[in-house]
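Note sheet for the following structure.
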Amino acid sequence: MTASAIGALALILVVAPLLPALAGRTVAFLTGRRGAPLLQPYRDLAKLLGKGAVYSRTTTGVFRLAPAVVLGAALVAAGLLPLDGRRGLAGFGGDMIAFAGLLALGRLLLALAGLDTGSSFEGMGASRELGFATFSEPALFLVLGALALATGESSLGGMLGAPLARAWARAPATLAMVGVSLGIVLLAEASRGPVDDPATHLELTMIHEVTILDHGGPDLGILLYGSALKFALFAALLAGTFLPRAAWPAPLAVAALLPALALVAILVGVIESAMARLRLVQVPHLLTGAAALAALGVVLRVR
Amino acid sequence: MDRFGDVVLLLVLMTNFAVLVTGRLSACIRIMTAQGVLLAMLPLASGARFGVHIAVLTAGTLAIKAGVLPRILRWAIREAPVRRELAPSIGPIGGVLLGLAAVGLAFGVATRLPHAAGLAVEGLVPVSLASLMMGFVVLTTRQKALSLVIGYLMLENGIYVFGLTLAGDIPLLVELGVLLDVFVGVFIMGLVVFQIQRELESQDSRRLTELRD
Amino acid sequence: MSLILAAVAVWLLGAVGWALARRRRDLAAAIGAGAAVVGAALGACAAGSALSGREAQVLSAAWPVPFAGLGLRLDALAAAFLLPLCLIGALCAILAVPTRHHADGGGAGAGFAAFNALLASMATVVLAANLVLLLAAWEVMTFASYALVVTDHDSRAVREAGYQYLIFSQLAAGALLLLFLVLAAATGTWELAAVPVAHARTAVAGLFVLMVIGFGTKAAVVPFHVWLPAAHAAAPAHVSALMSGVMITMGFYGLARFLPLLGPPSPGVAFTLIGLGAAGALGAVLLALLQRDVKRVLAYSTVENAGLITLAMGAGLLGQWAGAPELAVLGWSAALFHIWSHSLAKSLLFGGVGAFAHEARSRDLEGWGGLLARWPVVGGLTVVGALAIAAVPGLSGFVGEWLIFRALFAGALVLHGVARAAMVVGIAVLAMTAAVTLAGQARLIGIGLLGTPRREPPAGAFRPPARATTAPLAALAGSCLLIAWFPAPLVAALAGALATLVPGGAPTLVVDAVRPLGSLALVLTGVVALVAVLRGALAGRGVPRATETWGCGYAGAPGRTQYSASSLAEPVRQAFAPLLRTRVERLGPVGYWPAEASWRSRTLDRTVTGVYRPAFGGVSALLQRLRDLQEPRVTTYLRYVVLALLVVLALLFLPIVVRP
């Protein structure tokens, strides 16, 4: 448990809501609009947390528990990730499996909360969220497998730490493919275009936004923050893959996280404005493509 | 396999995957054009000493694989209005999985081949085998005659890559002969596709059985 | 040793004791359940002491059956299987008590007789040191469980399921008989050998196939799982819980005990197990996602977990073959741990879902909904079971799955070539399986217990649950949490069993590996609790308003317009359509004013439609032809007798039959 790990964790917890805002701002810029101010998410969060709660009579305790579990799981997952390029706050051998498991826990509770409302909208969102995870999960694990093979390590701290810099010198092709694949997984997991459309709420084509339709007040605030944090975690994973910072001085490594995250968010915004949203049946194709890329990266490391 | 040539070979593999997932014929032709450009870059990267031999090979490949062949194919789809491969017997996911299996097999087999060692670019043999097999995948899962031409082209490109392993040893004339051979082959196939379209009002190769006596 | 003997004796007494109280159901249930619990307590004590014991406890006595001896041996491996048997056996016996008045409950006297006989026979299976005794106990286990499956024998579907179960069990028993004969011939004794005997390579392959058929059928290894969904759906809830939680582990006990007898592990054996396990897990979990019958959902989930355990065993064997001790230890301990965690979670889930199914008088998921609000306690415990099966962090299932992943990652790093590729493919398949499992459990809970009712439950249902229903479920849920929070002590306790499976392995490696997982689960629980408290403080400031679910202004028929179980699974079904065999019947909507429209899909098990139905059809056609041999004349039969005699005599001239 080092100061830099704590600092990086604090940093990402603070800036997480900025990322969706930055991506949205990029989309607005590219489509000739001005967009919402960058600090708007914080105002939204403050407003939502101050509101009273409204619950559907259909819902049970699962609905009320879900926001806590979603955010709690994301927080613990943040503790596993080596955000300062060295070692997670609580990294251990095999922590990448726990990282994926924690995000899966959040997804499960989100889906259950959606189904708890008894509405078809939320059911639809839950169904899609669960269905697409069937393809993003293997892609994520193939990415992790390729990283493990490229670095010879089996913990996030090793895969994204010092051995990664050496691996870039030895196996750039594998790591480049892994990075692209991870980027696609990010788009799906963080519910961004072309997989999902974060801009609209009540459309039958939406996934994440429609699952949380019935949440309001503090619950919605927690869920929004949780999904922003998930975005930030994947962005940090991506940044860590392309930018091994283990050899940098600790303050610099932590500080570099900020521009790296911003870059990922801007890229996401660019992709979102450049590509039309995929038809829902095509999303598994895209994710299979991501898995194939990572698998190719693995093939190159199979000797 | 991380030098320039290997990166090019990886991109060749990616273009093969792109063909496997796409159903639109014009997109397939564009992808094959890109593959032709990549293949033209390969002789430069194959480690042989640069000279007239390599220069001619590069120029010839570029002209035929990225210039003439795509033009013929584009002419064929213009004349025979077919845009899409309808009803491929496997979807894009199946195509990717078969492609992955082919790549895995190719890399597995390549390590056991006696030739594999001592090449300047070690990816040549596995990528050529993979291209061959992926060409076969296209040939066996698609029905439109034009898709079959594209599969044949993928297959041929695989052979071409394999030929590069011997680029230093084979006389230039033989290589050009091979290139020409393919050119003529595709040319004739283009004509045949056109004829099929005119005779049958369709490009469905399954309907070729109607032509028998 | 005397403890376990006493346990078996108590169980056997319980099996016959009901006869004293046939007329009085309460007394019969008390005797039956009491015997099961007392026996289990005795057995658990014996198993607990043997788990850590270095020396195996042995007992042998004469038994006047040819070749048999009453040889019992209680070593660490046997204890590792005996302990969950006792624990879950006792809890399932308590679960059975409230069903004693139901016609279909199996809690009456005869049901308890079979239940106790099943416990006694399963204990004998793990204890037997003699092949004949093992086979005899195995058959008693089959027949006792068959009797329990057909408890509700008034229903035709139940009788058919039982019949199917019996046929598959007997085919498997035939394979076991053959296996034991060959082993006995090779060793020259009917004692269960402790050390492998050298076999020829082809013989190893044959023996392995016999093991997979014989033990794999009981363990629900794909493609020998076909009996399981039908039998589990037909049996009463506490029986399904016991069969799914404990009885299938008998198959894995057999594999764990007999696979080492094949001699040094071969890659073929390891890869076969890995392939069967991975393919079976993914296939079964897809089918679990697409079932309408809640108990079939759970049954296919059991098949999936059996696949995971098989995969882990294969990984362990691969590690032993390749000389990778880390992989060997991780793989085998993953298998053992997953057997434990799945036993606990699945019996919890079967108990909870079965109780709901009984109250709702329906097993059709499409008719459920909103049941958690009616029965919050049982519902909450069922949700815990579902989360444990979904293998999310914080519950026991995750630790088992984590160990399997960890083994595969370790294998990918240390192995080379094909083996490394197999490990990576295994990782991808396992990840996909995990995601589909999650979707399946979300569907079971979200559609079944949450939302609003799709059909009103019958009047008088969902009265406050009996203590005998909630207490065992609470105990199971508690142990699921406990294992997740403190996995290291359990792994340490399994070290003895691991040492018999991987001689020379270092179990401490796994103990150290899982220790962070316990901390992770505790931290996760703490963080979630903290956020929940904060959220409660924020949300609880005013009076929370209660309204309707937002429905875009449409307020009609909230129950029936909910998302259905089939539609929830539809994206996954479509994506995997080429692998599945689904029958879709659709009707309309037609025209501008469509009157009625319906859509119904039914996904069939490809091993049934593709393998067993044609195979059994072929056999039956063949047997039809043999009918022509029968003729109503005595002379014909006499001719057959003479022919048979001649054939036997001719055999004597063959050199292989008569040994010098």
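Cβ coordinates come from backbone N, Cα and C, glycine included.
Look at TrEMBL and you will find A:65-84 (among others) tagged as transmembrane segment.
Under the heading transmembrane segment, TrEMBL lists A:96-115 (among others). Remote same-chain residues near the transmembrane segment (A:96-115) are listed as 59, 62-63, 65-67, 69-70, 73-74, 76-77, 80-81, 122-123, 125-126, 129-130, 133, 137, 140-141, 144, 148, 154-156, 159, 189, 211-215, 223, 226, 230 (criterion: CB distance under 8 Å, separation of at least six residues from the stretch ends).
The transmembrane segment feature in TrEMBL is assigned to A:135-156 (among others).
Residues 132, 135-136, 139-140, 142-143, 146-147, 149-150, 194-196, 231, 234-235, 237-238, 241-242, 244, 264, 267-268, 271, 283, 286-287, 289-291, 293-294, 296-298, 300-301 of the same chain lie 6 or more positions beyond the ends of the transmembrane segment (A:168-188) yet place their CB under 8 Å from a CB of it. The transmembrane segment annotation in TrEMBL covers A:168-188 (among others).
Residues or ranges marked as transmembrane segment in TrEMBL: A:222-243 (among others).
Annotation comment: TrEMBL describes A:250-271 (among others) as transmembrane segment.
What TrEMBL records for A:283-302 (among others) is transmembrane segment. Away from its own ends, the transmembrane segment (A:283-302) comes close to residues 131-132, 134-136, 138-139, 142-143, 145-146, 149-150, 171, 173-175, 177-178, 180-182, 184-185, 188, 194-195 of its chain (Cβ-Cβ under 8 Å, at least six residues beyond either end).
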Distant-in-sequence neighbours of the transmembrane segment (A:135-156), which means Cβ under 8 A and at least six residues beyond its ends: 80-82, 88, 91-96, 99-100, 104, 163-164, 166-167, 170-171, 174-175, 177-178, 181-182, 184-185, 188-189, 241, 283-284, 287-288, 290-291, 294-295, 297-298, 301-302
